[in-house]
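Working notes, structure below.
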Amino acid sequence: MSRKFCVGGNWKMNGDQKSIAEIAKTLSSAALDPNTEVVIGCPAIYLMYARNLLPCELGLAGQNAYKVAKGAFTGEISPAMLKDIGADWVILGHSERRAIFGESDALIAEKAEHALAEGLKVIACIGETLEEREAGKTNEVVARQMCAYAQKIKDWKNVVVAYEPVWAIGTGKTATPDQAQEVHAFLRQWLSDNISKEVSASLRIQYGGSVTAANAKELAKKPDIDGFLVGGASLKPEFVDIINARQ
């Protein structure tokens, strides 16, 4: 089964109107691979601004959302609000949400369940720390994180999983294409054993750990890598080369 390549750009807490206009201009004028789905994860307050400037075929994602539709949750944003201003995706479970904001596997899974029920597509992030990798616990950690999602997600068609080795985020360290493929292959097998062979064959698994124009082409050749979740490089013109890594 062929899985459509999917590249997400996670701008994190970066950007202002001027820089977003510049990025939008770069993406609008570039020849982007029509066989690659592109999703931009923009700071929530700029989502509507970005939607008006970005090419309409690009998806737009919130970087977080809460597990209920509305209520007394100061500072939080709901999937319904994201949809209302033009987002069609949300990134959930990013390692920074887990590490800095203390989000648990269970909370992230509840967020994913609610976002899907509200009609958003979800980029569901997983990944291990350097300490966990060096202790040989990579598979154990990503299986635990997937297990939490699986308890809440019954229909996977609007889900993309992003494997981000935390030790390779913003550190300049990158998992080699072989290291990345090894974990992606494990995840594919886990899906086959624990969800279904159909989901294993169709679910897209992105790689997200210091992806650059320099390493994207090699990573994109791997059979179980179906795209990227790109951090810092998605704010730069080289993001176009990453989107076109399969060409």
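In case you wondered, yes, glycine gets a Cβ from its N, Cα and C as well.
Database features (Swiss-Prot):
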- Asn10, Lys12: substrate binding site (BINDING)
- His94: active site, electrophile (ACT_SITE)
- Glu164: active site, proton acceptor (ACT_SITE)
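Structural mapping of features recorded in Swiss-Prot.
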residue	record	contacts (Cβ under 8 Å, 6+ apart)
Asn10	substrate binding site	Gly41, Gln63, Ile91, His94, Gly208, Leu229, Val230, Gly231, Ser234
Lys12	substrate binding site	Gly41, Pro43, Gln63, Glu96, Gly231
Glu164	active site, proton acceptor	His94, Ser95, Cys125, Ile126, Gly127, Tyr207, Gly208, Gly209, Leu229
How many other Cβ atoms are found within 10 Å of the Cβ atom of the residue listed as 'active site, electrophile', counting all protein chains shown?
29
